[in-house]
Amino acid sequence: MDPDYKARKEAFVSGLAGGSILEINAVTLVASVSVFLWSILQSRLSFFTPYSAAALLVDFLLNVLAILFATTLYSSAPLLLNLLLISPALLILLSTKRPRTPVKAKPPRQSARAGKDDSKHATALPESLPIHPFLTTYRAAMMVITCIAILAVDFRIFPRRFAKVENWGTSLMDLGVGSFVFSGGVVSARSLLKSRINGSKRLPLAKRLIASTRHSIPLLVLGLIRLYSVKGLDYAEHVTEYGVHWNFFFTLGLLPPFVEVFDALATIIPSYEVLSVGIAVLYQVALESTDLKSYILVSPRGPSLLSKNREGVFSFSGYLAIFLAGRAIGIRIIPRGTSFSRSPEQARRRVLISLGVQALVWTTLFVLNSTYAMGYGANIPVSRRLANMPYVLWVSAFNTAQLFVFCLIETLCFPAVHRTTTQESESERVDFATSRIMSAFNKNSLAIFLLANLLTGAVNLSISTIDANTAQAIAVLIGYSSIITGVALALHHANIKVLPF
């Protein structure tokens, strides 16, 4: 890369101060409103069944391009975009009646060989850990925003206040990094719950650490590949983001072994929320009572690997706390929750109340931590670079609130999704209530994230992104979004899962 252009690129994403949380909430609300419109179209009109070319186009427009437009063309007027999306949803809602029963997806043809297995599936009881459409949608929406932002940030059409801040402040991309980790924590609860239900004997910690390290190897390899690619191509870098050598794949790769250690601690402190807050508190105390904060932010970079990568190394504590907070939420919302004395309606109400209370608690802790709060708050600014306690609380509060909103939309539009007595009928209702594109992004989230990184690098090496005008930027971003969506759908159609996470 040309040295002058590289310097311009690095300056373009450096020294930024971010924007307001209210604006970030308004922009991300577009994802929820788009899902609401999709759900109204499907629940009232069965618009996406069968999945025609028109259905694919509208699905792409609502669940991918709406987010792209919210962060670019409508970045200064996100509320207007929300209004444009919610208006047709309300119009359809008021002018149509809810069908008595959801329209069933067309079942695949049965072969003679598969007939016996399909018959068993048709009469089998639903799983105790069901697939939740709202959880699929939440995770996919987060992934769509992340993939769009990592390329859009290199164009001038993407506001600088949405890009990652230098030291202190909040931004859309700062929130996206933490949300990626939080969502990973949410879905990680499924394996933990499954082992509890099966009553399988817990392996010794040493064996679990070895197994989790094996699980981490693909992520660490991806981190090394990214490191050598960036250095080898002389690619523009934002060193204060993670350090000289560290990158986000290393953070993701180191999470599983550390989570296993805290799983062992959970037998003593049976609350992942407490463990999460405990890590955040201890890390914040270390930042405030020692020279650690100044060492991370302003100390000259020495020759040691620790000094060169201090942001990535020390911020890992914050990301671990975020992951455990997500795991705590997953434990609460993934189980079916029904019993002889609790109906599906009561179980769903319980999930909504739990998410609402959790969102309120995390938000209260965040306000007390990051503002004066009428003289009672600590007024500590948010720092993604440090991944300090206010950052952990902000990410946890936002994601819990997002889950609450998506769960509420599903409850209102598809109330019968889990009111079934067989796996087959429940599977049909889950498919009916889930966007094909969102299912695809959720199924191969890490692989799509990797593809997005590769395409981002290819685009930046091919064109001068910071010199592109609005039309050129939008054309490139729509093409890029189409490619990652197409690949996600192709993998989903072929029932291929490339990487775990």
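Including glycine, each Cβ sits where the backbone N, Cα and C put it.
If you check Swiss-Prot, you get these features:
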CARBOHYD  ASN198  N-linked glycosylation site
REGION    101-122  region 'Disordered'
TRANSMEM  21-41  transmembrane segment
TRANSMEM  53-73  transmembrane segment
TRANSMEM  74-94  transmembrane segment
TRANSMEM  133-153  transmembrane segment
TRANSMEM  168-188  transmembrane segment
TRANSMEM  249-269  transmembrane segment
TRANSMEM  311-331  transmembrane segment
TRANSMEM  351-371  transmembrane segment
TRANSMEM  389-409  transmembrane segment
TRANSMEM  446-466  transmembrane segment
TRANSMEM  471-491  transmembrane segment
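Touching of the transmembrane segment (471-491) and the transmembrane segment (133-153) is concluded from the presence of at least three CB pairs under 8 A, sequence neighbours closer than 6 excluded. Among residues of the same chain six or more beyond the transmembrane segment (446-466), those with a C-beta under 8 A of the stretch's C-beta atoms are 1, 5, 8-9, 12, 143, 146-147, 150-151, 154-156, 180, 219, 222, 226, 229, 233, 235-236, 473, 476, 480, 483-484, 487-488, 491, 498-501. Residues 277, 325, 329, 332-333, 337, 377-382, 389-390, 393-394, 396-397, 400-401, 403-404, 407-408, 411 of the same chain sit 6 or more residues outside the transmembrane segment (351-371) yet have a Cβ under 8 Å from a Cβ within it.
Panel annotation: around the transmembrane segment (311-331), residues 178, 181-190, 192-193, 240-243, 246-247, 250-251, 254-255, 258-259, 262, 271-273, 275-277, 279-280, 282-283, 292, 296, 355, 358, 362, 384-389, 391-392, 395-396, 399-400, 403 of the same chain, lying at least six beyond its termini, place a Cβ under 8 Å from a Cβ of the stretch. Just so you know, the Cβ of the residue listed as 'N-linked glycosylation site' picks up 8 other Cβ atoms within 10 Å once every protein chain is counted. Of the ranges 21-41, 74-94, 168-188, the one with the most Cβ pairs under 8 Å to the transmembrane segment (249-269) is 168-188. If one looks beyond the transmembrane segment (74-94) by at least 6 residues along the same chain, the residues whose Cβ comes under 8 Å of a Cβ in the stretch are 23, 26-27, 29-30, 33-34, 36-37, 40-41, 44-45, 62, 66, 158-159, 162.
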